[in-house]
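J.: Feature list, courtesy of TrEMBL:
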- 84, 86, 90, 129: Fe(2+) binding site (BINDING)
- 84, 86, 90, 129: Ni(2+) binding site (BINDING)
- 1-22: region 'Disordered' (REGION)
Ligand SMILES: CSCCC(=O)/C(O)=C/O
Ligand SMILES: [Fe+2]
C-alpha cells in the first residue's frame, strides 16, 4: 500500500494523481480505514485469522478487467468512481493486480490509496469513497462480508443524512 493526497486535477482517473503529499497507515487509521499487508507466504492463513476475529462470514471474488468484463468494463469502472458509501464495511483482499481506492479525510480531501497483491483494506461503513483501476486495467480481489453482501452504493449527497453516515461522523467527532 502507498497513499497520498489526490491532486484534484481532472485528467484520467487511472493516472496516479499524486500531489506529492504522502499519507501513512496512521493517517488512514484516524479515519477508520484499516490496512494489513498479509505478504505472500501464509497470507491466506492470516486472512482466515482476521476474518474469524472480525466475523467476516461471507466472501466472493471479483476481477475488474476488460478481459473479464468485456463491454461493460468502462461503464463499471465509471460507476465504481462515483463518490458513495455503504451501510457495511467494504473489505478487499488483493489477490493480483493493482488499483486505487480514494477515501475522504476529516477535511473532506481525497486520500488516494494504491493497493497491491497481498494487501487487505477495510473501509468503515459510512465513509465516502470511490475506486478505480490504474493504467494496468487489472485487479483481482476477494470481497469479504460480515453478513449477506450489502451492495447498494449510496451516492453523495443523497447519503449525507444516512444513519450510517451520521454514526461514522460521530466516531470521528466531526458532527
Ligand atoms: C477491487 S474491488 C472493486 C471495487 C469495489 O468492489 C467497490 O465496491 C468499490 O467501491
Ligand atoms: Fe464501495
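Backbone N, Cα and C define each Cβ position, glycine as well.
Structural setting of the listed features?
T.: Long-range Cβ proximity for residue 129 (Fe(2+) binding site), meaning a same-chain Cβ under 8 A and a gap of 6 or more residues, is found for 83, 84, 85, 90, 101, 102, 103, 104, 123.
In the three-state DSSP classification, residue 86 (Fe(2+) binding site) falls within coil. Taking Cβ-Cβ distances under 8 Å and a sequence separation of 6 or more, the neighbours of residue 86 (Fe(2+) binding site) in its chain are 123, 125, 150, 151, 152, 153, 154, 164.
Sequence-distant contacts of the region 'Disordered' (1-22), counting only residues of its own chain at least 6 positions beyond either end whose CB sits under 8 Å from a CB of the stretch, comprise 28, 35, 37, 77, 81, 100, 102, 109-116, 119, 121, 132-135, 137.
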J.: I'd like the per-state residue tally for the region 'Disordered' (1-22) from DSSP, helix first, then strand, then coil.
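T.: Each residue of the region 'Disordered' (1-22) counted once, the result is 0 helix, 10 strand, 12 coil.
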J.: Return the count of C-beta atoms lying within 10 angstroms of the C-beta of residue 84 (Fe(2+) binding site), excluding that atom itself.
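T.: Its Cβ has 20 other Cβ atoms within 10 Å.
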